[in-house]
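Read the structure below first, then the notes.
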């Protein structure tokens with residue numbers, strides 16, 4: 001049975017997240033447990049080292065995007081009555097070389113540090129011991145790595161004040177963002193920042209505090225949890241690996257990996273942050289009708305559709321370079337329908353697959369011309385990717401693996417096709 005592109009990405013998104021599927025045979029949730037969909041909101045939100053999100057309210061938490069509440073001390077044993085804890089004020093996961101994947105929980109004037117779900121020795125501590133200058137009785141906290149903030153930082157929220165803690169210098173700068181709602185919890189997801197307030201959330205810039213990316217507030221029940229009569233609807237099931245079909249795949253110079261199918265794309269290097277599909281036009285607004293091929297080179301991303309080449313500068317966000325799109329002939333000295341394209345790490349050559357041929361083009365040359373052309377032992381390739389492990393050419397739910405462009409160019413017999421597997425796409429066998 002053929003699956004629509006929307007269904008494909010919805011299934012991939014669910015399969016690649018750490019949220020467990022709903023068990024429809026389980027007993028009805030205990031009515032005494034809090035309901036995440038009641039519109040009250042959360043005290044704190046944080047991912048763990050695997051990208052599973054925890055939503056805290058009172059003495060309970062929700063693990064993942066669906067399912068019933070459980071007592072917080074079932075996952076974090078020291079968050080219990082011995083310490084007189086009935087709530088968590090704020091929480092975040094710190095991910096850097098010094099504090100790799102530590103989870104911090106803030107309760108009144110204390111901080112708890114967990115590593116691998118175990119409370120570290122010496123905790124809880126006074127907040128001032130670990131985060132000098134940060135006040136007690138916080139409302140929210142979120143990590144902000146260098147590049148998104150000026151330095152590796154943590155944003156601590158209390159009322160309309162934001163205390164920006166520099167992890168390296170252990171100093172604090174305080175800002176007042178009165179234009180933002182008072183955040184009861186905060187979250188960094190896919191390099192975007194969200195202030196949660198009640199059942200709503202507002203996206204904001206982590207340095208300037210300005211509201212960004214659309215009309216806010218939005219209802220969190222439509223985006224960050226599975227609630228009846230909310231969200232995009234539909235019954236989500238795991239996609240069989242045999243149904244996988246993509247249009248393009250690439251990894252940019254910053255290590256961000258993307259899959260394209262139809263008019264949507266998905267980041268696939270963000271398993272730890274949870275995954276979701278978005279319209280291609282959300283990041284590359286001039287490309288509104290899907291892509292035929294995509295490749296990355298020298299901080300630029302090339303999107304090919306029909307006979308047009310769109311080049312976007314990737315720093316700090318994807319921006320179409322002036323003068324584009326241009327035709328394939330103008331930009332790459334080729335004509336015809338492009339099936340796939342790839343650039344290998346630390347290489348200046350793009351390999352373009354058109355039908356049963358592959359053409360090499362030196363991207364460092366001006367003008368760009370085809371330097372080599374070979375015949376492939378097959379045709380109708382959907383997508384291609386080159387990384388440190390070699391080259392994968394995708395054709396439906398299978399792929400062909402080659403060690404290098406040279407072995408691909410000199411091969412006269414197609415290698416045995418391999419099946420797309422759950423580790424690659426998060427699908428079900």
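Placement of Cβ uses the backbone N, Cα and C atoms for every residue, glycine included.
Any TrEMBL annotation is an automated prediction that lacks curation.
Look at TrEMBL and you will find 39-79 (among others) tagged as repeat 'Hemopexin'. Across the repeat 'Hemopexin' (39-79), mean pLDDT in this model comes to 86.
If you look up TrEMBL, you'll see 85-134 (among others) marked as repeat 'Hemopexin'. With DSSP states grouped into helix (H, G, I), strand (E, B) and coil, the repeat 'Hemopexin' (85-134) comes out at 4 helix, 21 strand, 25 coil.
The annotation repeat 'Hemopexin' is assigned in TrEMBL to 135-179 (among others). Beyond the repeat 'Hemopexin' (135-179), the same-chain residues lying 6 or more positions past its ends with a Cβ under 8 Å from any Cβ of the stretch are 44, 89-96, 98-99, 104, 106, 108-109, 127, 185-188, 191, 193, 195-196, 204, 206-207, 209-211.
Positions annotated as repeat 'Hemopexin' by TrEMBL: 180-227 (among others). Secondary structure by DSSP for the repeat 'Hemopexin' (180-227): 3 helix, 19 strand, 26 coil.
Feature annotation from TrEMBL assigns repeat 'Hemopexin' to 243-287 (among others).
Annotation source TrEMBL lists repeat 'Hemopexin' at 335-377 (among others).
Look at TrEMBL and you will find 1-19 tagged as signal peptide.
Contact between the repeat 'Hemopexin' (39-79) and the repeat 'Hemopexin' (335-377) is not supported: fewer than 3 Cβ pairs lie under 8 Å, counting only residues 6 or more apart in sequence. According to DSSP, the repeat 'Hemopexin' (135-179) comprises 0 helix, 25 strand, 20 coil.
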